[in-house]
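Heads up: the structure comes next, in structure tokens.
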Amino acid sequence: MFKKLFGKNTSKEQPFSDGSMDLVKGEDIPTHIAIIMDGNGRWAKKRSMPRVAGHHEGMKNVRKITRCACDLGVKVLTLYAFSTENWKRPKSEVEFLMRLPEQFLTSFLPELMERNIKVEMIGVMDSLPEYTQSALRKAMDETKDNTGLVLNFAMNYGGRAEIVMAMQQLMNDVEAGRLTIDELNEQHISQYVMTAHLPEPDLLIRTSGEVRISNFMLWQLAYTEFWFTDTHWPDFDEACLKEAISVYQNRNRRYGGLKGEETN
Ligand code: IPE
Ligand code: IPE
Ligand code: MG
């Protein structure tokens with residue numbers, strides 16, 4: 001029934017054009033979906049447009065996918081928007097990217113409120129420009145009491161930087177006598193990373209054909225299901241999200257153990 005249960009989706013067109021996207025089951029919707037939104041530049045290049053036009057289109061797509069995730073009953077949607085390595089890009093591109101939260105959140109905030117969506121972020125806020133910080137702070141503050149979907153932006157986020165910061169806090173607590181080295185376990189580490197209050201991602205999606213995680217959620221992805229597609233982020237629509245979810249629903253998550261008939 002599923003052509004690509006484990007492999008990479010190589011189709012560039014709408015997946016499941018036979019309408020089988022209805023295969024998404026109401027139950028077993030992934031609680032937490034994380035997306036590496038890649039391919040804005042290539043989307044623009046294909047159309048002989050500047051890279052930033054791809055980023056603008058990508059931002060518009062964040063709305064579409066947020067609405068769809070919300071309607072499907074996803075609880076947490078983490079979107080990788082800017083990595084700690086993306087500072088290496090040309091200054092003009094970085095500046096454009098830093099303006100996007102302001103643009104996106106100002107116009108989308110009323111709908112986020114209407115939909116009971118809570119905005120959060122992971123990453124290092126302090127080194128973002130003031131206007132980026134204030135847009136994020138305003139959205140987080142205004143939506144803080146919302147109880148629906150958590151829309152979690154990974155902004156100036158890097159998995160290794162996160163682990164370093166977690167280790168620093170942990171060592172502080174050891175020095176202060178709040179924790180001993182012998183007590184330390186995996187649950188402790190989970191409490192020191194930036195997603196301490198969130199469940200780990202069930203499903204990771206990366207768009208645009210690269211099959212790597214580019215320093216994303218290194219601790220949290222230990223047992224996440226991965227789904228890669230060649231579709232560039234601005235073209236990743238509701239049908240693509242549903243395809244990823246339907247594939248996820250047919251995976252067998254064993255966590256190192258055995259399931260069902262395998263135990264006989
Ligand atoms: C993703 O698109 C957006 C960010 C990383 C900020 P890219 O800008 O990486 O697009 P490609 O990979 O160059 O096509
Ligand atoms: C990952 O994409 C980061 C984001 C989507 C924000 P990149 O385009 O930066 O990743 P690499 O450089 O191809 O690994
Ligand atoms: Mg890229």
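Cβ atoms here come from the backbone N, Cα and C positions, even for glycine.
The model shown is predicted, which means the values in this text are computed figures rather than measured ones.
Listed features, source TrEMBL:
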- D38: active site (ACT_SITE)
- N86: active site, proton acceptor (ACT_SITE)
- D38, E225: Mg(2+) binding site (BINDING)
- 39-43, R51, H55, 83-85, W87, R89, R206, 212-214: substrate binding site (BINDING)
- 1-21: region 'Disordered' (REGION)
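This view paints the features noted in TrEMBL onto the structure.
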| residue | record | Cβ contacts under 8 Å, 6 or more apart |
| --- | --- | --- |
| D38 | active site | R206, T207, S208, E210, S214, H232, W233 |
| G39 | substrate binding site | G54, T207, S208, G209, T231, H232, W233, P234 |
| G41 | substrate binding site | R51, G54, H55 |
| W43 | substrate binding site | G54, E57, G58, H232, W233, P234, D235 |
| T84 | substrate binding site | G123, V124, N156, Y157, G158, R160, A161, N215 |
| N86 | active site, proton acceptor | V94, L97 |
| I213 | substrate binding site | I36, G159, L204, R206, L221 |
| E225 | Mg(2+) binding site | P30, D202, L203, L204, Y248, R251, R253 |
- Message: Any of the recorded positions D38, W43, I213, E225 with a C-beta atom under 6 A from ligand 3? Give them in order, or none.
- Response: D38
- Reduce the DSSP letter at G41 (substrate binding site) to three states and note it down. helix
- Using DSSP, would you call N86 (active site, proton acceptor) helix, strand or coil? helix
- In three-state terms from DSSP, label I213 (substrate binding site) for me. coil
- Task: Using Cβ-Cβ distances, find the residues under 8 Å from W87 (substrate binding site) that belong to the same chain and are at least 6 apart in sequence, listing them in sequence order.
- Result: V94
- R206 (substrate binding site), number of other Cβ atoms within 10 Å: 24
- Distance-selected recorded positions near ligand 2 (C-beta under 6 Å), from D38, H55, W87: D38
- Message: Near ligand 1, meaning Cβ under 6 Å from any of its atoms: which of the binding-site residues G41, W43, T84, I213, E225 fit that description?
- Response: G41
- For H55 (substrate binding site), what is the tally of other C-beta atoms lying within 10 angstroms of its C-beta? 22
